[in-house]
Amino acid sequence: METIFLIGYMGSGKSTVANILSRKLNLPKIEMDEEIIKKSGKSIPEIFAQWGEEKFRSIETEVLENIPPKGYVVSTGGGVPLRAENQRLMDKGVVVFLNAAWQTIAERLEHDKSRPLWQTDVEENKKRFMDRLNIYTSCADITVDVDGYSPEEIADQIITECL
Ligand SMILES: Nc1ncnc2c1ncn2[C@@H]1O[C@H](COP(=O)(O)OP(=O)(O)O)[C@@H](O)[C@H]1O
Ligand SMILES: O=C(O)C1=C[C@@H](OP(=O)(O)O)[C@@H](O)[C@H](O)C1
Ligand SMILES: [Mg+2]
């Protein structure tokens, strides 16, 4: 089976759904943020603070380059589809967009301190969310609406659409 790449905004549920999907499909999971942490020896906030976003994006692309075209469930970081190069690298698999409303994201990440870009002010975040919607949609083979569904239901929906 082709590798499944979950894409979507911060808080859309990529990491949560990837865990369930990986178990249901009996495929290993790759959490891109975890691979970046292993590769750099730093946390995501440390990378942003000490090296800046561009360096983070470069490491992210290096991680993506090493993901096999078949046999994995991948939880990407929300910024992965921004680079055309990354979009090409995901062409080898099935790209699934977890489509969450702004309100859903805002509620889920209300107290989040772990995502550096989420710490910017609400208007900037909302603009980033809107700007990225087109990118996620155009990059996706499949779009799954996640509002009001449990991670389990979302994983089942992906399986129905991918198989
Ligand atoms: N379908 C869902 N329903 C309710 N809460 C969810 C759902 N999916 C994820 N969450 C919660 O939202 C937060 C962000 O989820 P996460 O998987 O880390 O998103 P992402 O990896 O896309 O940033 C977590 O607290 C998670 O438990
Ligand atoms: O949207 C983004 O640019 C980012 C999303 C994060 O991952 P999640 O989408 O899993 O939160 C993480 O890669 C980093 O903080 C940057
Ligand atoms: Mg995640």
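Positions of Cβ are set from backbone N, Cα and C atoms, glycine also.
Just one of Arg115, Arg128 is listed by TrEMBL for the same ATP site as Gly11, Ser12, Gly13, Lys14, Ser15, Thr16, and that one is Arg115.
Per TrEMBL, substrate is bound by Arg57, Gly78, Arg132; the candidate from Asp33, Asp156 named for the same site is Asp33.
Considering only the binding-site residues Asp33, Arg57, Gly78, the residue whose Cα is spatially closest to the Cα of Gly11 (ATP binding site) is Gly78. Across the structure, Ser15 (ATP binding site) and Arg132 (substrate binding site) are spaced 18 Å apart at their Cα atoms.
Screening the binding-site residues Ser12, Gly78, Arg132 for a C-beta under 6 A from any atom of ligand 2 leaves Gly78. Here Gly78 (substrate binding site) is positioned 10 angstrom away from Arg115 (ATP binding site), judged by their C-alpha atoms.
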